[in-house]
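Okay, structure first, notes after.
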Amino acid sequence: NLLRRLVIGLLLVSLGAGWHLRWANDRLSERLPLILEGETLQVEGVVIGLPERSLIAQQFQFEILRAPSGFFPRKVILNYYGGTTVIPGQYWRLAVRLNRPHGFANPGGFDYEAWLFQQGVSARGYVRDSASNQLIPALSKDVGFYPSVWLHSVRYSLKIKLQRMLAGSQYGGLLMALLLGDRSGISQDSWKLFTATGSNHLFVISGLHIGMISGFVFWLALLVGRLVRIGRLVPAQKFAAFFALVAALMYALLAGFSLPTQRAFIMIAVLICGLFWNTRYQVSFRLLLAMFAVLLLNPLALISSGFWLSFIAVAALLAFAGSSQASVSVEQIEVPLGERVAAVARFLVRPQLIVFIALGVPLIFFTQQLSLLAPVVNIIAIPVVGFLIVPICFASLLVSFVHEPAAILLFSIAHGGIALLIEFMEFLVAWGSSSLQLQVAQPNSWNVLALFFAVLLLLLPKGVCRRGLVIPLMLCVLPIPERLRSSTGEVNILRLHVIDVGQGLAVIVQTRHHALLYDTGANLSPDFNIGSAVVVPALRALGIRSLAAVVVSHGDNDHAGGLSGVEGGMHVERLIGNRKDLKAKLPVALCLDVDDWNWDGVEFRFLQSGLDHSSENNSSCVLQIRSSAGSILLPGDIEREAEAQLARRYGAELASDVLLAPHHGSGSSSSYAFLKRVKPAYVVFSAGYRNSFGHPHGQVAERYTEFASRGFTTSETGMLSLEFGGTRRGESSEGFSKKAAPEDTIVRISEYRKQNSRYWH
């Protein structure tokens, strides 16, 4: 019997792996060929999804139906800088330039390439300004009958209707997110508040929302069925289950049937169908069946944090709350009021505590932080959003087709409820720190494996395996704290991490007990700040909880734009820059006035070119770092003029093992005179993938080759980490008096993209 189960299990695993390989191969075959990257292509297709508009462009998904090459990606994301409003369902002939998906590759960061791969997006690009761009109304009518196109057209019409009715509403974007799953109207400040209070899941349509609507419709249909005595024709519960399933499907479609809503609908459908068909399988088995269905639809859902958090939360509720039934039923009229109130309190509080405890370790695993306010906030927020605001929003939407003024009045009630909820959250956050920041390293494959088996044990039927094993498995999920990984027998430890921030710069310098950030990346839009979205997660994944200093080399956006995001997500003790008027919370110390300093046997000093006011680039703060094991030179965006001044002033003192290429490797920097003095063994170019500036410049890269410098480009390596071996206790550093001899420099090099390579990269 055991052997038969083992064989069946291996067979199922093999079938699953085979299906994943087939699915992945189909997706990979749709990718843009490398030879077509950056080329102007004439394509025809239809606009799908809800377009998003920024200050300068519209971004939309485009399904290509015809292309001259005969081989083209099926679905792409395009930026359009023209004035014509793009509407879902329109058929266009466009001149486009496309690139293959390419995202930032850093620890703790969002894997944008994986997300695009999950969505079936095979390329990104923009619409060129061309006379050949043409809207074809006749074909728009033909494709308008396709189910997916029709769905997005309806959602767009509803979005325009809601925007008109909610015009001027402070939290109108939140109401639209709850109805249509369109989060483009939610501000970054709101997301920060929701993250701090552990309530961001409330405004992302998921199993919680669809489950509540489904449950609401179930009980409503059950009540109606009993009133009309539907039980004489069909069992009342089956009657209610049918309408609950329809409601779940309609809500999922209204939200665009995205991957999270697909997952939620499948989970609810499997559970409801078990009731509808009177199956006697345990609920945990049905949940396993739902997991199988989700992975069958999209095998890459396995790497999504939402997938794990959803199933862990439901499994925990089934495992630990299933036996806890409300002690008061509707028919028990004689039960004292106090007991009824206590039962309601248990009904509200117990699930929140169970979910908070169950998701604690996974949240730390995925985000390196845990909101301590989550149980308190969710006890209030979940019933308010699920049982009041969402039903009122749906009622308002339905009423709007009959009497719009009445619908606006209902929306104002929902908006008032949201406003009160936001005030409640802000009040709690104002009390002080609301999140637990843990110093943990990036999770590895063993952590993921432990998480998988922990969830599997929760879902297995009772008696198959002891669920007490879940606790040690969950503890194994936690990555090893970074401090425990560091050597205890060395001093003068020096680590350099050049973060992949695209066309910009952000560098982390670590000594034994201190961390410094040199530049912060760019602020790309009001909704996307590199500092908060890329730099802070990387710092946390490296186990850095505070920064002893942040150096902003100069005020250009690609170097200073992320400062607000870094200050908002990380404790910063000191801020140093080339100018006083940086937009920052902390006072700025000018690098001209900062004396040399020593951290843990590692020396830091700023070099002065004497060209502080010649240009913004040439006034960059130039930082040199040296220990007995190696040296680093961070020159910002200086160009030939400043390089010549530094070479004359410092001469051989410029010699450094690692050089961050000045100005991203532009043709106006990295002069021969400068490189003769620095003589770097390694050079790092911080540059974006296929950037419009052509960085690093070809001649500059060849120049470094002439100096026998080994080059790295962050768009190819992802975050690049270099670790210099420290000296043993009792040995001393030579400071800036000499460059370490090559045989004394021990450098361990780590390329994040190579070490974390995936088949979709």
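Cβ from N, Cα, C; glycine included.
Note that TrEMBL annotation is computational and uncurated.
Keep in mind the model is a prediction, meaning the values are calculated, not measured.
Listed ranges 267-286, 347-366; the one TrEMBL annotates as transmembrane segment is 347-366. Ranges compared are 7-26, 307-326, and TrEMBL records transmembrane segment for 307-326. With a cut-off of 8 Å between Cβ atoms, the residues of this chain six or more beyond the transmembrane segment (201-224) that come close are 174, 177-178, 181, 183, 186, 190, 194, 230, 236-237, 239-248, 251-252, 255, 258, 260-261, 263-265, 267-268, 272, 306, 310, 314, 378, 381-382, 385-387, 390-391, 394. Away from its own ends, the transmembrane segment (406-425) comes close to residues 165-166, 169-172, 174-175, 190, 193-194, 196-197, 199, 377, 380-381, 384-385, 388-389, 392-393, 395-397, 399-400 of its chain (Cβ-Cβ under 8 Å, at least six residues beyond either end).
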